[in-house]
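**Q** One structure, pasted below without further comment.
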Amino acid sequence: MITTILVVDDEEDIQPIFLGKFRSKIQQGVYQFRFAHNGREALAKIEQEPDIDLVLLDINMPELDGLSVLAQLPSLNPLLGTVIVSAYDDMSNIRQAMNRGAFDFVCKPIDFADMELTIEKTVHHIRQLRETDHLKLIDALKTRFFDNITHELRTPLTLILSPMQQLIQRYPTPPDLSNGLRNVERHGQQLLQLINQLLDLAKLESGHLTLLQTVGDLGDFIEQIVMAFEPIANQKRLTLSYECQLTSLYSFDTGKLERIVHNLLSNAIKFTPEGNIHIQVTEHNNGVRLAVTDTGIGIVPEKLTYIFNRFYQVEPGNPVHKAVYVSNPGTGIGLSLVKELTELMGGQVHVQSVPHGIDQPSGTTFTVDLPLSPALNDTTESITLEPGLLVGSAYNVPLEVPVYNSSDQDKPLVLVVEDNQELGTFVSGELADTYRIITANNGIEGWEIARNELPDIVLTDIMMPGLDGYELTRRLKSNPDTDHIAILILTAKTAQSSRIEGFQTGADDYINKPFHVDELKLKLHNILDRQRKLREHYHRELIQSENTVAAESVKDSFVHTLNKLIEAQLDDTTFGVDELAKEAGMSRRTLHRKLTALINMPVNAFIRQYRLKRALHFMRQGNNVSQAAYMVGYESPAHFSTAFKEFFGKTPSDYLANQNPVRAVSNTN
């Protein structure tokens, strides 16, 4: 980076001296010089050229001296470095200049080696100041951005939540609509909770977050927060217990404490697959101690140092950890906010944890010590939580799950794999009029159900516990029983790399959250319609061709595999659907559904068409009707002739006598 230096001196030969002494630096592009012969000219140049980094300023000059120039520099460029260049006998003025903000001085006659060192030192100092100032500016802009964006988001959220609450409270609605309205309100509150946390972070960074003290029953206040988490704890079959040993009233900031307790309980419930969570409030060292203990998966020691860092999220290595973390990715804000709010209140937060896999029970304890003292008066204020704030947190409070009528067997079967119960319920309800619906709560369930039910299409999320959507897709597409099933990925991961990975695993299409229901329905329709057209194409190709390998373009040569299995037992009169399924390594039901999905043909019809085409081949080689019938597994020539006529539309003899054979009749029953 080139440094621009303004030399202000009334000596006439100063310009050629500097240009000569610093010729090498100028040629290397390190320095460039500007010159002014008096103070007024210097101020004009500084105003015209804001990129000047350093001023080498003489003191005694006509029109406007160096001290007067120095006094005006802060208003023109507060980050401009100034070095005084003056004679030894001018120390009084040099001291004044240093007191007015000059960084250093060089005495005349100039020692240019010393001058160069002084320039380098001053430029380094100025760049540090500018970098610090730039970082402060960025920090201020970031804080202002967070503040503005959170306020901008709160306004439309208010206009969504307020009418929604009125609809729920004032008007009777059918159960399915009521569920939907409560769903909107709950997730609106979740979004509001996140916005409030971002707003708190912005205020903490700017130093504008202050404490608002309220006198009240601290133990009762925390108990209200704990009770708000009981529905989700019950849903996860977790035991939630609360113990309070406080007897006095306390003065505390309800908003800050609510945020601390909320985030600690949220964290505990997220990462405790089973077991219990215990909250204890006690007096401790002239203050109050809050301890939240869980029997969850724990945190490995090397990660404990970082968990309170803002936006830090643990990268799990243990498969058990990964399954839980994938389903609860979070934002990396909660624990950081706990620490910063605790310290704002003058307290400290500590953590102890035993990770899963060690020879002792796993779990984590977060301890918050706050310097709270009993209130000096007996006035009790009623402290209540903002309605719905905590109940509508980032969890799936159980809803009434509708039961879908799946009696219409002609409808395509859709498997919805989604670990968020509310979203799964919503999607299933929207599709139930057009499709038969089955659901799975995670990838492992989805894999088992897909193998057993062989749906027409799987609609799956990506981020799920146990088995994510990518791995589920890989398994489905690599298994011969399920590789024909269409897959539509539904996810909040919008990065192009995520889409590419989804397609690489074999997915047929991709839709992002949030999605429009009509778009989802259209994508499902298009995928299934494409499958239907392929089935019809392969069916026609197989029926209308005399060649047994005509349909071997069907994906992964499944038809070719079946052809080889039938060929190996071609003359066996007892070889039928059960025997083919056994040889193919799948159940009769799986074979039927897969073959129907690929070519729209029942298994017995597929075996029959193969035998009849092979018989035609044998007769064209010179074998008579009876010989051909026995060679392809028919017990009697008469039965063979009847089947041949049903399939080809002519008797064997008439068909062979015809120089231009007609196409087969599409009778596959």
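Glycine residues also receive a Cβ, built from the backbone N, Cα and C atoms like all the rest.
Here's the feature list from TrEMBL:
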type	residues	note
DOMAIN	4-123	domain 'Response regulatory'
MOD_RES	Asp58	4-aspartylphosphate
DOMAIN	148-374	domain 'Histidine kinase'
DOMAIN	413-528	domain 'Response regulatory'
MOD_RES	Asp461	4-aspartylphosphate
DOMAIN	560-658	domain 'HTH araC/xylS-type'
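What's the neighbourhood like for each of these?
**A** For the domain 'Response regulatory' (4-123), DSSP puts the residue distribution at 58 helix, 27 strand, 35 coil.
Sequence-distant neighbours of Asp58 (4-aspartylphosphate): residues of the same chain at least 6 apart with a C-beta under 8 Å from its C-beta are Val8, Asp9, Asp10, Glu11, Gly66, Ile84, Val85, Ser86.
Here the Cβ of Asp461 (4-aspartylphosphate) has 26 other Cβ atoms within 10 Å, regardless of which shown protein chain they belong to.
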**Q** Could you tell me the mean pLDDT the prediction assigns to the domain 'HTH araC/xylS-type' (560-658)?
**A** 87
